[in-house]
Amino acid sequence: MAQDQGEKENPMRELRIRKLCLNICVGESGDRLTRAAKVLEQLTGQTPVFSKARYTVRSFGIRRNEKIAVHCTVRGAKAEEILEKGLKVREYELRKNNFSDTGNFGFGIQEHIDLGIKYDPSIGIYGLDFYVVLGRPGFSIADKKRRTGCIGAKHRISKEEAMRWFQQKHDGIILPGN
């Protein structure tokens with residue numbers, strides 16, 4: 001009887017943003033990297049973390065363990081707010097290739113000033129990468145240290161589900177691949 005009056009969605013199957021990872025890779029340590037860190041701090045209000053190079057690449061002038069990038073992880077309402085700004089820059093258009101098989105997606109923007117940050121000549125202009133990790137209630141059992149659980153096959157997020165969520169939640173447009 002209850003199903004005839006309007007099928008209710010299972011609240012445990014609802015997709016939501018687990019985290020938003022923002023990354024600026026400068027490719028060198030020094031002043032440009034610290035200015036990129038200031039950009040991320042202005043955007044998120046959090047202290048960003050520096051990433052080191054894994055290998056020495058002589059052609060790029062990068063040494064192993066040299067700080068070359070800066071990233072920040074944002075969760076909750078702040079993540080949704082920043083994602084909305086980033087999608088507005090991209091005009092809510094993503095390619096099919098932007099979505100991974102595990103239901104996550106990422107994209108990049110050319111200039112951080114498009115997000116509403118005031119241009120500062122002493123900092124310059126940086127591009128940044130957005131990476132969104134989607135999840136459902138119950139996904140945290142896979143992250144526990146003690147008595148780690150597995151996420152069942154039916155509860156995992158597919159590429160198609162992530163694309164459908166993007167289209168419904170953000171009225172997004174998905175363009176064909178390459």
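Keep in mind that glycine also has a Cβ here, set from the backbone N, Cα and C atoms.
Noted in Swiss-Prot for the protein shown:
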CROSSLNK  Lys38  SUMO2 cross-link
CROSSLNK  Lys52  SUMO2 cross-link
CROSSLNK  Lys154  SUMO2 cross-link
MOD_RES   Ala2  N-acetylalanine
MOD_RES   Thr44  phosphothreonine
MOD_RES   Thr47  phosphothreonine
MOD_RES   Lys52  N6-acetyllysine
MOD_RES   Lys85  N6-acetyllysine
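Feature map: Swiss-Prot annotations on the structure.
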{"residue": "Lys38", "record": "SUMO2 cross-link", "DSSP (3 states)": "helix"}
{"residue": "Thr44", "record": "phosphothreonine", "DSSP (3 states)": "helix"}
{"residue": "Lys52", "record": "SUMO2 cross-link", "DSSP (3 states)": "strand"}
{"residue": "Lys85", "record": "N6-acetyllysine", "DSSP (3 states)": "helix"}
{"residue": "Lys154", "record": "SUMO2 cross-link", "DSSP (3 states)": "coil"}
Candidates Thr44, Thr47: member of the modified residues with the richest Cβ shell (10 Å):
Thr44
Below 8 Å Cβ to Cβ and six or more residues apart, same chain only. Which residues does that give for Lys85 (N6-acetyllysine)?
Leu115, Gly116
Lys154 (SUMO2 cross-link) to Lys38 (SUMO2 cross-link): how many Å between their Cα atoms?
42
Fewest other Cβ within 10 angstroms of its own Cβ, chosen from the recorded sites Lys52, Lys154:
Lys154
Whole-number Å distance between the CA of Thr47 (phosphothreonine) and the CA of Lys38 (SUMO2 cross-link)?
9
Packing count at Lys38 (SUMO2 cross-link) (other Cβ atoms within 10 Å of its Cβ):
15
